[in-house]
Amino acid sequence: MSAVANTKAITPPDIRSRKGGTPLVCLTAYTTPVARLVDPHCDVVLVGDSVGMVLHGLPSTLGVTLEMMIMHGKAVRRGLEQALMVVDMPFGSYEESPEQAFRNAARVMAETGCAAVKLEGGAAMAETIRFLANRGLPVMAHVGLTPQAVNSFGGYRVQGRGEDAERIRRDALAVAEAGAFAVVLEKVPEALARGITAEVAIPTIGIGASAACDGQILVVDDMLGLFGDFQPKFVKRYAELGQAAEAAIAAYAQEVRERMFPAAEHVFADPLKGAHATKSGEAA
Ligand code: KIV
């Protein structure tokens, strides 16, 4: 099923034109109910490949498949009305050649109804980004710490410190020049993020890259306190929903064991044998 174009929705050119303006608000979503929650507040909703770690319990994003991204993309599409939906290309689905990237990205767009894809990598991916962008396939780039390269980096370390800064700078310039409409800058020092943001023509969207960027993105489960004890320095927890959920589940367990739940108002009676009065007055 492909989604019908929504004329109210924010487009990649809209995002591109926000360079240097009011900061772009971006969050991830992987399900319809969360997409509904974030949509009115966000410019961009990313179906990130972080879904593999956050919802599927994988140890990294490397095991995420195209099918998983398409399934979650379809679910998110059903919950969005205005935000631009971007879907991450998973590891192994785009690096081989521009043609491979186009084939898989076109499938993601056709099957999920997203308006753009995101792929990781800088100068090495410039040719692929140009190939897609020139064929009507808008690309959000992702440089700095690119989690799919965790094995090459030897961990989820800050990138671009000292002499390494020049590598990240060149990556950002290369993807902008290749036609990406925005670039995610992940886990780089503030001074580097500020310099890149001043230099590239497209919006920079930071995650662990300071408020100097043109926008911010976080994994929604991280900022809601839903993803266990994972709390890297760059994540601010705006709520502790994990703790609230745990308390609710413990209360339920206790009430079931003590036969306090279900109570009279949750029970259906047989009218012929005498109905229970329910709180809502609903006929049992
Ligand atoms: O997969 C993801 O969630 C990302 C981040 C930039 C949030 O790529």
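Including glycine, each Cβ sits where the backbone N, Cα and C put it.
Automatic prediction, not curation, is the source of TrEMBL annotations.
Take the Mg(2+) site that TrEMBL assigns to Asp49, Asp88: the candidate from Glu67, Glu99, Glu111, Glu120 listed for it is Glu120. Look at Asp49 (3-methyl-2-oxobutanoate binding site): DSSP puts it in coil. Cα-Cα distance from Asp49 (3-methyl-2-oxobutanoate binding site) to Glu120 (Mg(2+) binding site): 11 Å (rounded to the nearest whole number). Each residue contributes its Cα atom, and for Lys118 (3-methyl-2-oxobutanoate binding site) and Glu186 (active site, proton acceptor) these two points are 13 Å apart.
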